[in-house]
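J.: The structure is given below, and queries will be raised subsequently.
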């Protein structure tokens, strides 16, 4: 059994967290156009939209390397403006036995929570990925503020 961990990062967004959540929940397909160079492709494989049970994949560039992640939507909470994405395939599962990402938005804040189990004690904490997620949020904020 690997080492379990939890990493949380929040970033203030001037456009309001509800707009960030709406983009992730209902207009996810726009994110590759908004975050060029970071997100290269987004696809819904099952479910037709972001809802519990939907299977999605992302192609992204992390630290100069092209990567892929496949996820199933475990939970969507419109009241808390949160989505729980459980990773079921892709590059992260080479380092982690399990990995869940929770995005939540509250007023002026967007929070990313990573819950994971490392395959070995030497596996690094996903700090680079957290930085990537926070940068992605700021890119989305910049796009929303330009409208």
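We count from 1, first residue shown onward.
Cβ coordinates come from backbone N, Cα and C, glycine included.
A TrEMBL annotation is a machine prediction, not a hand-curated record.
I grabbed these lines from TrEMBL:
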- 2-147: domain 'Bet v I/Major latex protein' (DOMAIN)
J.: Please list the DSSP helix, strand and coil residue counts for the domain 'Bet v I/Major latex protein' (2-147).
T.: 41 helix, 68 strand, 37 coil
J.: Give, as a single whole number between 0 and 100, the mean pLDDT over the domain 'Bet v I/Major latex protein' (2-147).
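T.: Reported value for the domain 'Bet v I/Major latex protein' (2-147) is a mean pLDDT of 94.
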